[in-house]
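Shown next, in structure tokens, is the structure this report addresses.
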Amino acid sequence: MTIIHNLGFPRIGAQRELKRAVEAYWAGRQTAEALHETGRALRAAHWQRQADAGVAFVPVGDFAWYDHILEWTTLLGAVPARFGHPEGKPVDLDTLFRMGRGRAPSGKPAAACEMTKWFDTNYHYIVPELTPGQTFRVAREDLFEQVKEAQALGHRVKPVIPGPLTWLWLGKGDAFAQGAGDIGKLQLLDALLPVYGEVLERLAGLGVEWVQIDEPALVLDLPQAWRDAYQAVYAKLAASPVKLLLATYFDGLKDNLATALALPVAGLHVDLVRAPDQLSDVASGLRPGQVLSAGVINGRNIWRTDLDAALAMLVPVREQLQERLWLAPSCSLLHVPVDLAGETELDAELLGWLSFAVQKLDELCLLGKALGGDADPAVQQGLAAQRAALQARRQSPRIHNPAVAQRMAGQAGVSRERAPFGQRIARQQSELRLPAFPTTTIGSFPQTAEIRALRRDWKSGALTDSAYENAIRKEIEEVIRFQEKVGLDVLVHGEPERNDMVEYFGELLAGFAFTKNGWVQSYGSRCVKPPIIFGDVARPAPMTVGWSAYAQSLTDKPVKGMLTGPVTILQWSFVRDDQPREATCRQLALALRDEVVDLEAAGIRVIQIDEPAIREGLPLRRADWRAYLDWAVDCFRLSTAGVGEATQIHTHMCYSEFNDIIESIAAMDADVITIETSRSNMELLKAFEDFHYPNDIGPGVYDIHSPNVPEVDWMVELMRKAAARLPKERLWVNPDCGLKTRAWPETEAALIGMVQAARTLRAA
């Protein structure tokens, strides 16, 4: 029998129960005990569903109230001093929430810990804060309590914990840089490893046989000092009485293969979706008795698996390893929606092409039975059904659009060039007449329950088109008047018609489909519902021109047209896997180019094309960066270069480290770039300073992910730090990101303060 297991299951719940419970607790609408009861119910349901699918060991430790890395950080007692946590006391839930979002029902508000992208995914983790001489201890009991929970329900368990070197790689501090470049972080291992040892001992004491220890850092470029550290660390952890399954994912081991194979662990998990070519080398390098966990079901996309291809790849290895070959998804299923059963509005054809977390476990079970030679006719029937679904998708006329193919054939001859920046900015300033330190926002304004109800009623047919349009126009006018009252210089229409910055555009583009309940966690309680790009992309009609033109008609101040860029739409969607991602991105760029040209023709003088996801698309290995950056930058320029020099092009990026891609950001040639910098205390600007970034820049002066209202003096100080690095005449003043998730009172207070900060700077 082939053992199948799972690296992690979506924690949010099929109906986003966790999001609702957590937000109700934050708002004081339910107690901590009620929140914990929701957590217990979700965990029990998730464990049972996995057990029903044939998972041999249910994962424990994949559940998190906010973020799984933050869970582990608090278990280690690594709480920054500003949160006022008493030394030696257990870390409570409200401290965890304050670290993640800056405030909680109890405890004083404090600056939240930094948040950034989880490798090359659209999930965000809370960055561990590291200090020289830091001490660690077991400071939370949740992991052990959840193990006992699962065991009491009759499950065999496999606790999942971040590996010590990956946790250090993810962390940073005033004295330590993020990543593997700072070997000084390795000095913390002496204090860290005894706590790992204690955790493993305690798990063994609970009867745990296997522990999954996640080390995705092993798929990255690592200095030799880090490779050496892996050997030393796991030599110490090998003394534990539990068996360690070391899990790598998101890419192949490549030049770290020898390091991984030399580690004294009982099993090794590898990603065979991203890196199938490594299978033979990994299998032949295993020690006698060592388990190979083959990640063959894609944990990051939603298409059905080609089980025939998987079997062809695995059969020779099965013959070699026998029962030592385990099967699993490529990575945690955190990155896909929970269950297709909730999709009652997708057509049957498209539904037959898809696989969410629950279905992926069923695929895994079927694959395991087929690989083990199960003679049950249902196995062959299941394989035949899978085969038929894949064939139907390949042959569907919905996939290919001849007009798109014709345009793609000629896209190489479409201009990507605009006039030089100096010439453009002079023309723009003569027309826009903006003051020094011009103020703006990133695009969205608070989405109230009333706005969400408007969209919901309109989509359900309860509201007529004309009634909906009138209501949205009213919302836009209120946002315009509010911005005028506050004193902002470049306005936005507030995006009341948009539920999501990607889904909105996908609904208006050909080649997209949308789920009813296909939610995945982005950060904390924030969930997103990625569109599905299943076929060729085209723009049947203008998407934003009507709303933007109406907003501009209400004011003499410039109103930004707001678009999501081609790379971000690509990155934040579930993308077809039957052609290169680059080709799909160029199709998106051509569609957006048409929209940009139409906005200019409608009198919109400032157009923002957001690309917050451009960095997350980077391959994990630096050797692969150039090819990606070349086509990503080219797609942005393809989408923006159809307008004249008087039209000002903005772009926005968030959660980004810019140092290593600053040349490519400059090559995008946006007139103004706005970035998230407040949580990093403006340290991101060093890249722009060192590079002598030539265009305008708006460093975010307050963190919109926290409900805390910033002090005016604090924002002034941040901008003075920015002005010390960059010419002040090229600086804009803006929040870190859009204001969609914030409430109106804090938004008004923050923007009034931000405008006051800009006026203080002008008067200096």
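Heads up, the Cβ atoms here are built off N, Cα and C, so glycines get one too.
Annotated 5-methyltetrahydropteroyltri-L-glutamate binding site per Swiss-Prot: R16, E17, L18, K19, K117, R526, C527, W572, E616, in sequence order, evidence recorded as sequence analysis. Look at Swiss-Prot and you will find I442, G443, S444, E495, D610 tagged as L-homocysteine binding site. Among the features that Swiss-Prot reports, L-methionine binding site is placed at I442, G443, S444, E495, D610. Summarising the annotation, Swiss-Prot assigns Zn(2+) binding site to H652, C654, E676, C737 and lists sequence analysis as the type of evidence. The feature active site, proton donor is assigned by Swiss-Prot to H705, with sequence analysis given as support.
The shortest Cα-Cα distance from E495 (L-homocysteine binding site) to any of the binding-site residues (R16, K117, H652) is found for H652. Distance between Cα atoms for D610 (L-homocysteine binding site) and E676 (Zn(2+) binding site): 13 Å, as a whole number. Cβ neighbour density within 10 Å is lowest for R16 among the recorded positions R16, K117, H652, H705. Remark: C654 (Zn(2+) binding site) has P612, I675, E676, G700, D736, C737 as non-local neighbours, by Cβ distance under 8 Å and separation of at least 6 in sequence. Considering only the binding-site residues L18, I442, C527, C737, the Cβ with the fewest other Cβ atoms within 10 Å is that of C527.
Fewest Cβ neighbours within 10 Å among the binding-site residues E495, D610, E616, E676: that distinction goes to E616.
Note on proximity: of the recorded positions I442, G443, S444, H652, H705, the one nearest R16 (5-methyltetrahydropteroyltri-L-glutamate binding site) is H705, by Cα distance. Following the DSSP three-state reduction, the secondary structure of E676 (Zn(2+) binding site) is coil.
Around the Cβ of G443 (L-homocysteine binding site), the same chain contributes V492, E495, M501, K560, M562, Q608, D610, H652, G738, each under 8 angstroms and 6 or more positions distant in sequence. S444 (L-homocysteine binding site) counts 23 other C-beta atoms within 10 Å of its own C-beta, drawing on all protein chains shown.
Separation of the C-alpha atoms of S444 (L-homocysteine binding site) and H705 (active site, proton donor): 13 Å, rounded to the nearest whole number. In this structure the C-alpha atoms belonging to C527 (5-methyltetrahydropteroyltri-L-glutamate binding site) and H705 (active site, proton donor) are separated by 14 Å. DSSP classifies E616 (5-methyltetrahydropteroyltri-L-glutamate binding site) as coil under the three-state reduction.
The DSSP secondary structure for H705 (active site, proton donor) is coil.
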